[in-house]
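Colleague: Got a structure here, written out as structure tokens. Questions coming.
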Amino acid sequence: MNKIGVLLMNLGGPERITDVGPFLYNLFSDPEIIRTPFPAFQKPLAWLISTLRSTTSQQAYLSIGGGSPIRRITEQQARELQSKLREKGLNATTYIAMRYWHPFTESAIADMKADCVDQIVVLPLYPHFSISTSGSSFRELKKLRDSDNDFKKIPMRCVRSWFSQSGYLKSMVELISQQISCCESPPNAHIFFTAHGVPKSYVEEAGDPYKQQIEDCSLLIINELEKYLGHSNPHTLSYQSRVGPVEWLKPYTEEVLADLGKSNVEDLIVVPISFVGEHIETLQEIDIEYKEIAEKAGIKNFRRVKALNTHPTFIEGLSDLVISCLEEPQVNIEEASKLPEKVKLYPQEKWQWGWNNSSEVWNGRVAMIVFLVLFIELIAGSGPLHRLGIL
């Protein structure tokens, strides 16, 4: 029987406070997260941003226990999925490839080669495809595969996105309905989807399908929820986690919460639609920051739906995805990592840089000026930004 390696790709996260700075450096070193006009500036800029953000990020992680649970939860998901696949008769072993923290993709590749797997199924733990999540992970995997002749010999199939998969939708409906049932008036409970945002330019200039997939997914969940409950609920979609000076996908979560409070919404069911495991965005940003905003806005009952984690229906759905991937026409790593024709990725290509209104990424000239000012102040330890309390 062929030995199947199932590669689960995820973001990764710092497990200890001392990991926060290096994790941020890895994150911002990715040109699909922060774009610069010149390759030589990528890592210095990543160092600068991670240095400036490290203290604030450390405080956020301290508020949830001192580190991210994403590795532990992903390992639990991997074990449960492996057991489920073996129950179904597959000789499958799961492996984890984190993009920005341990265990890195290189480690998973080494383990799969050592275990002599006969075939690999790549399953990103992102239901929706985005340039900056699944896209980045696929492209990293392809780069490593292209440079490793032994790894290149192993047949590989990929799942690109799976937001419409029945097991995923059913598990979301089950978790949402649990929170709705706790409300005094279940039909009036407001379903509030919040997805991780991306810069608007990713969609409008780069052709990222993420926004459309998120919108389609929220409607699929609402339709399935209505069938499950026998009644419809009002619902809203927003985008969270915006950083930096550029415009991100709207509406922003914090602004929608304020509007819902003005509309006298009392029971709010918060659904983290783009997250399949608990981590900093659910435990700190939603549970602490957004809950406080909602309460100040007058929302009395703020109920956050748990992330899927190892929900049995979800794990069943993941196993079905793996089996379908093996049975259906192959999607190879070249196809999976291919972005829409509109997309231009640095360093191979560049989105438009210059003094124009269409550029939603940092203008290269401004970015370099800011970088130099900040770099000089960090080295010197004094300057106008220090006097203003920014550094």
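Every residue, even glycine, has its Cβ placed from backbone N, Cα and C.
Per Swiss-Prot, the feature Fe cation binding site maps to His196, Glu281; the stated evidence is sequence analysis.
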Colleague: What three-state class does DSSP give Glu281 (Fe cation binding site)?
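Modeller: The residue in question, Glu281 (Fe cation binding site), is helix (DSSP, three-state).
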Colleague: Far apart in sequence but close in space: which same-chain residues, 6 or more away, have a Cβ under 8 Å from Glu281 (Fe cation binding site)?
Modeller: His196, Gln240, Ser241, Pro272, Phe275
Colleague: Tell me, how many other CB atoms lie within 10 A of the CB of His196 (Fe cation binding site), whichever protein chain they belong to?
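Modeller: Taking all protein chains shown, His196 (Fe cation binding site) has 25 Cβ neighbours within 10 Å.
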